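Here TrEMBL flags B:65-177 as domain '3-dehydroquinate synthase N-terminal'. Annotation comment: TrEMBL describes B:69-74, B:103-107, B:127-128, B:LYS140, B:LYS149 as NAD(+) binding site. Taken from TrEMBL, the feature domain '3-dehydroquinate synthase C-terminal' covers B:179-323. Annotation comment: TrEMBL describes B:GLU182, B:HIS245, B:HIS262 as Zn(2+) binding site.
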Number of protein chains: 2
Amino acid sequence: MKKLLVELGDRSYPIYIGSDLLSQSELFIKHIKSKQVVVVTNETIAPLYLNAVLKNLQGYTVETVILPDGEQFKTLDFVTQIFDKLLASKFSRNATLIALGGGVIGDMGGFAAACYQRGIPFLQIPTTLLAQVDSSVGGKTGVNHPLGKNMIGAFYQPQCVIADADVLDTLDDRQLAAGLAEVIKYGLIRDAEFFEWLENNIGALLARDKQALAYAIEQSCINKAEIVGEDETETGVRATLNLGHTFGHAIETGAGYGKYLHGEAVAIGTCQAADLSRRKGWLNDEDVARIIALFKKAKLPIVPPEQIDSDRFLELMAVDKKNVDGQIRLILLQKIGMATLPVDVDQDLLEMTLKTYGRR
Amino acid sequence: MKKLLVELGDRSYPIYIGSDLLSQSELFIKHIKSKQVVVVTNETIAPLYLNAVLKNLQGYTVETVILPDGEQFKTLDFVTQIFDKLLASKFSRNATLIALGGGVIGDMGGFAAACYQRGIPFLQIPTTLLAQVDSSVGGKTGVNHPLGKNMIGAFYQPQCVIADADVLDTLDDRQLAAGLAEVIKYGLIRDAEFFEWLENNIGALLARDKQALAYAIEQSCINKAEIVGEDETETGVRATLNLGHTFGHAIETGAGYGKYLHGEAVAIGTCQAADLSRRKGWLNDEDVARIIALFKKAKLPIVPPEQIDSDRFLELMAVDKKNVDGQIRLILLQKIGMATLPVDVDQDLLEMTLKTYGRR
């Protein structure tokens, strides 16, 4: 087992990465300071891993909330189901919430923990590659609004993250690929060496080679923990983690939540960001070709949906957390391994990308 | 104008107290760092003071959200109306929210600000005595749940509080009295001298004597700012501000939100807490009589509603933010001017109070 630390003063916490972690009761018990525990999970994960988690919680008063699976259920209404359960069970402010699932469950469970009685402790147990390498680390929690992705939420840090690589055995290929999109992102924004490693090892990752996956998860978490430790609430460098996300969120919202997996939308959005970075004169044709090729090899989509035309993209992108006074700002690439901070974008270059990249 | 400071490191902020503050544009402009401003208010306050506030915001992009007036509307559904407006207007993360109203608007507006894009700046402009002396200061925000008062929320500090005593001219007598309940609370929990002053000046306060009101508001805010500065997230002394509130919240929830004003329920609850403190051997009969007499003189109710019997009280009190692992804990009085921290309560003494105090 590896243990990384997210360094945030009195909100610091460990990320445990390894095999067979779900059976290690001491990891759980160490981070639960109450008798009352609620486990929040979804209909896909519950039959697979809920019992394994509950085994660690003998002697506690345990409730479970099982939500439907999918981005389209990441709403205030479904978070309310968690509040309902906590209140019906008369759970106190020292109760602990365990979020057992992918990014959607982590975001919703974390947000419920942030808001219940103005904040209760919670544990992240990510069960998808995407959640293990990205969304479970760093304390971004929240839900979607019909007009914008992740628009309602809180910065709220967990007590720990338990990333058990074994659970990826049950992940379907599409979910695995979606996770790789965020892995590739770390290479692109700040780690050219890791990007090269990914180019050379993408086959092993898709074949679920344990060693390759463990390395990718660890490198991703190291990068994420460093960035979050520097900038918890995204006033600076943390925004670089949003490479491709403004395009990506527009795709998720525009296509209807749940149509694209988050990682799929980010893959397409990152290709668009690469195209725009080339138009800005930062990337060259070869860089862009390498980026697109790697997403393609990772079995990820690289072309935006036809139904979202340039005007619709602009409308959707006008709602984004990086915008200032309504002006669209994007993370772009200076080169492979180096992202910009949010930049105001020339409207005509952006439209050029939206109208031509991946369009027939 | 007086200026007090709530000292919370990089989250410190001023409370402005005085006359004719709503017309002082510079107070607003100083604390607004964006072009986009949304004013959240209610149907009672909008016709009275919205224009005065809007006059200060010329040159800004301003939206308004006017909610219905009353505790029964302090729900996630009505907070969602604020999110809807912010997103429909494509407001960015640097937009500023102004909460113009009493405690309900302050709590909802503050919670919306805490959650929109994971946090936007906001200003508190309290328009009731209760909000000016208590709820607008200290960053407690949130909404009610059918099973418990203020159960969903966040600690989230404003940029400033602007308490214009002139707006109390339009406050009805019932609302004024409700505010006095929280004023009396400060005397009871930590300021015996102020309690005596209140005994001697309650008539002047009810007659809306400007000087007396100004003094009461200032003393209350000084007490509140000190406590919050010591313990922002209620891990210790801040809980003393909850004197009478566990009983009070049970009354509000049990009678149906909106039947009792918050201050009215707190007045009754504080009398119950005083009765229980006597049973614990801390207060004597004379202390309890003084406390009840002051609430009575302040035109506040002092008797719990018949419909909520002892068992129902216990059930409602089982959901409270001070509870630990489901055990009821209460703030009681050691003497007038000194509250306890949360104490586990002997069930039989509590039942005695619930069954006898104020019951026929």
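Backbone N, Cα and C atoms are what each Cβ position is placed from, and that goes for glycine too.
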- request: Please name which of the binding-site residues listed here, B:GLU182, B:HIS245, B:HIS262, is nearest in space to B:ASP107 (NAD(+) binding site), Cα against Cα.
  value: B:HIS262
- request: According to DSSP, folded down to helix, strand and coil, what is B:PHE73 (NAD(+) binding site)?
  value: helix
Query: If you average pLDDT over the domain '3-dehydroquinate synthase N-terminal' (B:65-177), what do you get?
result: 97
Field: Cβ-centroid neighbours of Zn(2+) site B:GLU182, B:HIS245, B:HIS262, 8 Å, sequence order
entry: B:LEU130, B:ASP134, B:SER135, B:ALA181, B:LYS185, B:GLY244, B:GLY248, B:GLY263, B:ALA265, B:VAL266
Task: Specify the nearest of the binding-site residues B:ASP69, B:GLU71, B:PHE73, B:GLY103, B:ILE105 to B:GLU182 (Zn(2+) binding site), where nearness means the distance between Cα atoms.
output: B:GLY103
Query: For the domain '3-dehydroquinate synthase N-terminal' (B:65-177), what does DSSP give as the number of helix, strand and coil residues?
result: 47 helix, 34 strand, 32 coil
CB within-chain contacts under 8 A for B:ILE105 (NAD(+) binding site), separation at least 6: B:VAL40, B:THR41, B:ASN42, B:ILE45, B:LEU67, B:ALA99, B:THR127, B:ALA131
Alpha-carbon spacing, B:ASP69 (NAD(+) binding site) to B:HIS245 (Zn(2+) binding site), which is rounded to whole Å: 22
- request: Count up the helix, strand and coil residues in the domain '3-dehydroquinate synthase C-terminal' (B:179-323) according to DSSP, in that order.
  value: 104 helix, 0 strand, 41 coil
Message: Just to verify a number: CA distance, B:LYS149 (NAD(+) binding site) to B:HIS245 (Zn(2+) binding site), in angstrom, no decimals.
response: 10
Task: Name, in the order they occur in the sequence, the residues of the same chain whose CB lies under 8 A from the CB of B:HIS262 (Zn(2+) binding site) and which sit 6 or more residues away.
output: B:GLU71, B:GLY103, B:LEU130, B:ALA178, B:GLY248, B:GLU252
Query: At the level of the C-alpha atoms, what whole-angstrom distance separates B:HIS245 (Zn(2+) binding site) and B:THR128 (NAD(+) binding site)?
result: 19
Statement: Cβ atoms other than its own within 10 Å of the Cβ of B:LYS149 (NAD(+) binding site), all chains, total 25
Field: Fewest-neighbour residue among binding-site residues, criterion Cβ within 10 Å, set B:ASP69, B:ASP107, B:GLU182
entry: B:ASP69
Field: Under 8 Å by Cβ from B:THR128 (NAD(+) binding site), counting only residues of that chain that are 6 or more apart
entry: B:GLY101, B:GLY102, B:GLY103, B:LEU168, B:LEU171, B:GLN175, B:ALA178, B:GLY179
- line: Candidates B:PHE73, B:GLY103 (binding-site residues); min other-Cβ count within 10 Å returns B:PHE73
